[in-house]
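Engineer: Encoded as structure tokens, here's the structure I'll be asking about.
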Amino acid sequence: MLELTDENFEKEIQGADKPILVDFWAQWCMPCLMLGPILEKVAGEYKDKLTLAKVNLDTAPQISQKYRIEQIPTVILFKEGKPISGFIGARPEPIIKEWLEDILKKNDKN
């Protein structure tokens, strides 16, 4: 898992060779703490197709402003440096997998 900060965000996102699933979270956010392990498990199953990264909003305020993160948890999938899809709020594992399958299939065609 990749920890993203205001300093390394652009370099890591722009230079990625595969999509990056970014989890915007905070230590004080209970739904974030519930979602984190689910995303880690799912990302492990999709490790050949994507990389999981986390952005702690308390330590990376510029990123949250740039992407207008107003609620957490927010999850955004970036491909070739651009956000292509995302969701807000904790979701169960099967829903996240279904979303990922759908978005990865659509973007493989592009």
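Positions of Cβ are set from backbone N, Cα and C atoms, glycine also.
Worth saying up front: this structure is predicted, and the values here are computed from it rather than measured.
These came from TrEMBL, pasted as-is:
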- 1-105: domain 'Thioredoxin' (DOMAIN)
- Asp23: site 'Deprotonates C-terminal active site Cys' (SITE)
- Cys29-Cys32: disulfide bond (DISULFID)
- Cys29: active site, nucleophile (ACT_SITE)
- Met30: site 'Contributes to redox potential value' (SITE)
- Pro31: site 'Contributes to redox potential value' (SITE)
- Cys32: active site, nucleophile (ACT_SITE)
Engineer: Which of the recorded positions listed here (Cys29, Met30, Pro31, Cys32) have a Cα atom within 10 Å of the Cα of Asp23 (site 'Deprotonates C-terminal active site Cys')?
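Structural biologist: Of Cys29, Met30, Pro31, Cys32, within range: Cys32.
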Engineer: Averaged over the whole of the domain 'Thioredoxin' (1-105), what is the pLDDT?
Structural biologist: 95
Engineer: Can you check what DSSP calls Cys29 (disulfide bond), collapsed to helix, strand or coil?
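Structural biologist: For Cys29 (disulfide bond) - judged by DSSP and reduced to three states - the answer is coil.
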Engineer: Judged by the number of other CB atoms within 10 angstroms, which among Cys29, Met30 is the least packed of the recorded positions?
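Structural biologist: Comparing Cβ neighbours within 10 Å for the recorded positions Cys29, Met30, Met30 has the fewest.
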Engineer: Just to verify: the residue among Asp23, Pro31, Cys32 with the fewest other Cβ atoms within 10 Å, which of the recorded positions is it?
Structural biologist: Pro31
